[in-house]
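What follows is a set of notes on a single structure, which appears directly below.
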Amino acid sequence: MNIFLKNKLYRLFTISSAFGNAGRTLFDIAFIIYATSLPNPELAVSIVSIATTLPYIISFILGYFADQTKDKYNRILSTRFYQFLLFSLFALVSIYGVQWWIFIVLVFVNVVADILGGYNGYLSMSINTRLVRKEQLSEALAFISSINNTISLGGKAVGVFTLGLLSYNYSYFGMLNAALFLIAFLILAKYKNAMKAESGSFKVDNKEKVSTKRFLKDTIENFKILREIKKIYNFVILFLGMNFYSSAMFALLLVILVKNETLLFGNVAYTITLLEIVEVVSTIIGGVYQISFYKNMSLRNNAILEIILFIIYVGNLLILQNKFILVILTVIIGYFAGISNPKLDALILQSVPEEKQTSIYSIFSTIITISVPIGTTIILFFANAISASFALYILLILLILVLVYSFRVKE
């Protein structure tokens, strides 16, 4: 919070990013509601689900191209303006109501906007390393994460309310989306000279023209660099295991709640919503107000403490089955994650050559993200084929193995 209040350029850059994220969040909820209004909504919603996964699949490609961009600030300006044009197109075609051909246009808008947004995010990551001091980077990234989580949490509710207020006039809603991106662009444009003077230009490691062959060669080289930087690579397996648990537990918890009324606050929907809100709010607080003992603890010890909390969480579901303990643990885990996750981001950005920052970060992120569908699929298979308790024991064994491994990790 202090960095946001005292560092003018970081504050303005963060505010601009917040307007852009608000525009994306509002569109996401409108996109889903639009899909449910079509004939054959099941097909439309399925298309939405597929379309929204594309940026995750090509994340490492976007990171690579961000590293190949020398004038990152001007490119951020360009992407914001292109996003403004895309959502102006959304407002324009929505005049014709709810139709399948318009939905196809919206799918195009969504995919292109997400690609631009992902590219913009990696460019912004590099800019932020120049706007704040090295020792402040973790705190700065934590605050940005809190802002994004706040927008994600409140934006969906605001989107639904606003769309209802506009009597589901998607054209007016599109104008609002476009206006948010225009504001984001204008802030960056107004302070362009000061921002560029502070951030400077970025070195591009290889000036050859980008080609498929060179991309594959550079990606393999970047992965080798990641492996050679032991203080980062040691965390790959550790966070791979933790992410496997988190994704699997999220899916498994729904199965458990359906079968166990003692864990419910009202019904399953209310309980899931409550736990999600509690976790997000706790993560936001962790990013804004960081207790010194946990902030100054090593990242490895952060991970060890969080794994122990995960083990207690599973133990509660297996033995005590106490819904209040479930909420308390969710609060603590969310708060700690709000502090430790940005520390990992900062560690990666500070440990790799600047000209390869986002390429290596995106490779690391992609590897960790792979565990999400794998963890969900495996644990749900055990839960349905055998029992939810058996799946919990599998997770417990995994956590113990990850905990043992974590003591071997050296920073």
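Glycine too: its Cβ is placed from the backbone N, Cα and C atoms.
So that you can see what the record holds, here are the features copied from TrEMBL:
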| type | residues | note |
| --- | --- | --- |
| DOMAIN | 232-411 | domain 'Major facilitator superfamily (MFS) profile' |
| TRANSMEM | 12-37 | transmembrane segment |
| TRANSMEM | 43-65 | transmembrane segment |
| TRANSMEM | 77-95 | transmembrane segment |
| TRANSMEM | 101-119 | transmembrane segment |
| TRANSMEM | 140-164 | transmembrane segment |
| TRANSMEM | 170-189 | transmembrane segment |
| TRANSMEM | 232-256 | transmembrane segment |
| TRANSMEM | 268-291 | transmembrane segment |
| TRANSMEM | 303-319 | transmembrane segment |
| TRANSMEM | 325-348 | transmembrane segment |
| TRANSMEM | 360-382 | transmembrane segment |
| TRANSMEM | 388-407 | transmembrane segment |
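Mean pLDDT for the domain 'Major facilitator superfamily (MFS) profile' (232-411) in the predicted structure: 90. Cβ atoms under 8 Å from those of the transmembrane segment (268-291) belong to residues 1, 139, 142-146, 149-150, 152-153, 253-254, 257-258, 323, 326-327, 330-339, 342 of the same chain, restricted to positions at least 6 beyond its ends. Among 12-37, 77-95, 170-189, 360-382, 12-37 has the largest number of CB pairs under 8 A with the transmembrane segment (140-164).
Contact counts against the transmembrane segment (77-95), taken as Cβ pairs under 8 Å, peak for 101-119 among the stretches 12-37, 43-65, 101-119, 388-407. Same-chain residues lying 6+ beyond the ends of the transmembrane segment (12-37) with a Cβ under 8 Å from its Cβ atoms: 4, 44-45, 47-48, 52, 80, 83, 87, 90, 98, 103, 106, 110, 113-114, 117, 120, 124, 127-128, 131, 143-144, 147-148, 151-152, 155-156, 158-160, 162-163, 168, 170, 173, 176-178, 180-181, 183-185, 187-188, 191, 195.
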